[in-house]
Amino acid sequence: MANQNSDLYKQITAGSVAAVFQTTMTYPFEYLKTGLQLQPKGTAFEIILPQIKSYFVGCSALNVAAFGKTILRFVTFDKLCHSLNNNIDNNDNFQRLTGYNLLIAGTLTGIVESLFIIPFENIKTTLIQSAMIDHKKLEKNQPVVNAKATFHKVATKSTPVARIEKLLPAVKHMYQTRGPAAFVQGTTATIFRQIANTSIQFTAYTAFKRLLQARNDKASSVITGLATSFTLVAMTQPIDVVKTRMMSQNAKTEYKNTLNCMYRIFVQEGMATFWKGSIFRFMKVGISGGLTFTVYEQVSLLLGFSSRS
């Protein structure tokens, strides 16, 4: 039991370092993806591209989330593995989960992670949206307190977006202007996205691996990973777009609820809007796996334990 706990702590350490490194290195893709998703139809891409200095705005929020999420992931998954696996011997060792038990453990762990990171995702979105706003335009806008969106119509005026550049001021502003609800916006879309992520990734990876099982080489592993990432992004991007919109600073006056958000995007902006930012998300997802695995392996070696155990 002592060795098992020691290995778990080492896994958490290696996983946390890998998660923070991966989040930082791929954050420009996250910024561009979120920035595109926040733009209404007809907004030029050039509005986002030149703001290179802003490419790491909001990264601190996701790094805090990545650290906490990693701890939660290992502890939750470890507990679920013990709960779902009946093949536990006297030394309290258990065989790896397979099939539906693995899918259940992964999905439940993903939901717990998602609930944890929702406040940080909201902070990130607030900071990115703020970084994209022209300060001169903000001075002309006045806040609208009672504006409400109906199911079919947008509010006549929307709440202006504040210009905030740092983590703690963002948290303070969100609480003062929107209350505690500001940190749980987009919860429904986030949970659905996580369930879809886990299910599609598990299914797609298994399918592509079986399809290429005759080719037992590095190339097949790369192809499987890329094909899985492409499938994941293609099928879950609409949920991701809705999640981002529901986390925006003016979501409360723009959208009545998640379904209203989906409806209005479809009617007012067109079907293609649901796949905004998909290229950058694919780049992030494709690179993230390799970065995380590589850093995790190296930190595992430094800590003196096998990352495959």
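Keep in mind that glycine also has a Cβ here, set from the backbone N, Cα and C atoms.
Annotation comment: Swiss-Prot describes 6-83 as repeat 'Solcar 1'. With DSSP classes pooled into helix, strand and coil, the tally for the repeat 'Solcar 1' (6-83) is 63 helix, 0 strand, 15 coil.
Under the heading repeat 'Solcar 2', Swiss-Prot lists 97-211.
Residues or ranges marked as repeat 'Solcar 3' in Swiss-Prot: 216-302. For the repeat 'Solcar 3' (216-302), DSSP puts the residue distribution at 75 helix, 0 strand, 12 coil.
Summarising the annotation, Swiss-Prot assigns transmembrane segment to 12-32 (among others).
If you look up Swiss-Prot, you'll see 47-67 (among others) marked as transmembrane segment, on the strength of sequence analysis.
Annotation comment: Swiss-Prot describes 100-120 (among others) as transmembrane segment, evidence class sequence analysis.
Swiss-Prot lists 184-204 (among others) with the feature transmembrane segment, giving sequence analysis as the kind of evidence. The list of residues near the transmembrane segment (184-204) in space but at least 6 beyond its ends in sequence, with Cβ under 8 angstroms from a Cβ of it, reads 102-103, 106-107, 110-111, 113-115, 117-119, 121-122, 227-228, 231-232, 235-236, 239-240, 242-244, 246-247, 251-252, 258.
If you look up Swiss-Prot, you'll see 222-242 (among others) marked as transmembrane segment. Long-range contacts of the transmembrane segment (222-242) within its own chain (CB-CB distance under 8 A, at least 6 residues past either end) are made by residues 37, 186, 189, 192-193, 196-197, 200-201, 204-205, 208-209, 212, 258, 261-262, 265, 273-278, 281-282, 285-286, 289-290.
If you look up Swiss-Prot, you'll see 285-305 (among others) marked as transmembrane segment, on the strength of sequence analysis. Taking Cβ pairs closer than 8 Å, the transmembrane segment (285-305) reaches residues 7, 10-11, 13-15, 17-19, 21-22, 25-26, 29, 225-226, 229, 232-233 in its own chain, all 6 or more past its ends.
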